[in-house]
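Sequence annotations record features per position, and here Swiss-Prot assigns Zn(2+) binding site to 398, 400, 580, 595.
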């Protein structure tokens, strides 16, 4: 499958003499080509994304074949991963055999079925063909003699970048040289870490800034600079001219642009993200490609003309014959006795049953085994939903998989009911913390904030706090200024050495005590005052979005969230909204451990705002008129679940009623035990803890404070399912921290709107998280970010390996691997399980084209559990 077949494009029929039409066509081409890469968020707000989000109109299998062809990237689990999973009992042989039977039934071939099955069974062992066999002179001679056999449609072609076809006199590929230059310019332009000397003319855009400097670049030869001396002033003109001089035809342009974007998907992804953030940079993708392809022309021009592009990929006959000899138990003598037609049939069959098909069957068997094990687990624990015990407190947690063990242990230790909901609690807000002039979106990255909420304090207390904070920040600012200044940077080691040396020693040998001391000291010094929020609507023309909510909006958001989790009656005296956050030291990926539903930030702010709204008399009065009656003695509070240490920190506790105080005290009394159990379960999964842990909570805190710790927690590794239904469906199930859990009561959703919004919002976030972990596991060299210990944080944006690599877009090795040879994360596509009648699922698939496409094309799996408890795979 060719590159351009991935993305549909309109035929270009306009004359080249029409400049305006050329520009419009170029815009369309770049827009279509951009779908082969995913936007990459800065690492400080590490937002989960999956690298194939723009390709979901194609099937997973098609994209896998395409990536294998053009980038040699394999997105199926490796043979070692599959063998390991089978040894652990994660793959049932029965599902593999049924998958093979279905595949054979779908194929047309003219060899005996028994012979084909025997070949496939051996090939499915995923053993490599012996190198001695592949290099056998006898076999290669045989292949030469039968190379005339017509393999029909088995040949394919791919479009190569011209620079990738040429090597310089030193033997270095010109595409590597081109990448080196592009990385340099991207770092200069995108720098977000406040470099003392910024790129000149940066405010005019990437292309113009590059155009102004390129003829002075000493890294280019005199002839290369000469090519670019009188280059067009605008990006579109430059891109058009470069493609023309390279000899790229109209029909190949989009495929050629795609190839350049895939060459450095990290930097290109960051460029794409930036282009979506402001009107001023909306042309950034065109500018990036103009710079890249213009530089390619300058580098390759001495070697032009060259016959490129569509390179016919000849089918290698040797491995196909070798596969029949090794797996099909055919000797060379038997092969020679066959007719040309028989040989051709065997070659065609072996070609079709290639490595991707074999791994696809294994992956599907792995996924089916997981689905069946989950079905059995749920079925064995099903209970009636109408006979609820007395509940003292209700706690709403984020759907994050790390909440599942914590909720399970909490429910065992008291009369508590827990709910699952996206951790932004349905509030589309941008938050501005006390003393900050900036705000950050605290909601899933697929949404845009509609309200700004500011943290407020008493004017006098705020003034004192601001002064203390200024002193605190001035220390960091002074240190940074001295470090970047030519003269003071030489003095800095003498001034800061003793203090930083002491910190290094103490942080290394007593990390838990020192970390706790520093955090408490800073908290004491800052003395943050009690705060409130700007909840009431304020019209401010200086702000892009309104501050606060109208009364109707307050009621609407509370109603919407309560209905989404099915909490509209039988309120407990205490309702706790639990956001979540992580705690780690010296960790560039700290945001990846925070709340994905809050855009890579902690969820406590949203939890506190929502709880405050629920306690407002006017909100309760309006809800009561609609039939949602919250008892007067029911109080909403907010807490933050710290996932690294499995503790609950109270962040908003108003005056409690007597019943609510009793519930609060009960939670406080059981929380140490909950933390102990949850930490023990979690820590035993880490590579360093195979023996019994004496004090799990103490060890968890050490991990959080140790600045040499490369794996403070597993994050969302091993996530595999997203269960949408009532808590009773999974309450007594040990889901091993692998399931996103979202409450849903189909009986309160006659229209299906609630289910649709869960799928469109939290469902999409869960899918992105799942496929990011999947991609980082199966193709770490392309979609992961390598080893944490050798990474370099660059430009305040992300990480690189060394100082001249692609901007690494995925998760580090430590987030998905148990050891060099063993994975921890199981690379399975997300299984979405919905507890609802069949007609609800049918309606969802009928109305939601995007979701239907994801299911049909294999980007997610779908199952349902009807009111009678019957499981159905869709």
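For all residues, glycine too, the Cβ spot is worked out from N, Cα and C.
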Checklist line | residue 400 (Zn(2+) binding site) in three-state DSSP notation | finding: coil
Checklist line | Residues that sit under 8 angstroms from residue 595 (Zn(2+) binding site) by C-beta distance, when 6+ apart in the chain | finding: 398, 400, 423, 424, 579, 580, 581, 601, 602, 603
Check: If you count Cβ atoms within 10 Å of each one, which of the binding-site residues 400, 580 comes out on top?
Finding: 400
Next item on the list: Give the three-state DSSP assignment (helix, strand or coil) for residue 580 (Zn(2+) binding site).
Entry: strand
Check: With a radius of 8 angstroms around the mean position of the C-beta atoms of 398, 400, 580, 595, what other residues of the same chain does the Zn(2+) site pick up?
Finding: 397, 399, 402, 403, 423, 579, 581, 594, 596, 597, 598, 603, 641, 643
